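Notes follow the structure.
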Amino acid sequence: MQTVFLPCIVKKVPHWFVPHSTTPPLRIRPIMSSTVKMAAAEGFTFGPYKIEPSEVFYSTQLSYAMVNLRPLLPVHVLVCPKREVKRFVDLTADETSDLWLTAQKVGGQLESYHKASSLTFAIQDGPQAGQTVPHVHIHVIPRKIGDFEKNDEIYDAIDEKEKELKQKLDLDKERKDRSLEEMSQEADEYKKLFM
């Protein structure tokens, strides 16, 4: 990425505002674009799992949003950095910003589309916090009145779904996974919100 130097141009500004420093000109880096890139060849991973492009409904240069294999509520999606990063603290500043801006955009669109009244954003950062997939991700869950008897029960439910996901390959467990076709249909519906 090339650094751009811009000269400071000051016109009709009070003398107390004009910088009297000999520091070099301000360095400005380009802001990452948030354009949708849904190329079929683009590969996505979620920790050790390969994510089919058909499960992804929104993508930026650094983040993507996907439908959930085991949603808590009918509208429960995940926003992840494209780079596989286990812990939130290990994200770059650009990744952190893009991840939250993506979650904000996705949450706002889904809340409006599903006529929800609130949003829950949740991160489980590390195994003791309940993270079972070693890849930073934000749970984005549009909420409606009465979707949980007690509002904070959603955090216990997130914990439980994370544990189920970790055990998904255990054949002795009753599988509750949604089909790829089901998830692809939901992702196709949401892609239209970002065109």
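From the backbone N, Cα and C atoms, a Cβ is placed for every residue, glycine too.
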Which range of 110-114, 135-139, 165-169 is motif 'Histidine triad motif', per TrEMBL: 135-139
Integer Cα-Cα distance in angstrom, HIS137 (active site, tele-AMP-histidine intermediate) to TYR155 (site 'Important for induction of apoptosis'): 15
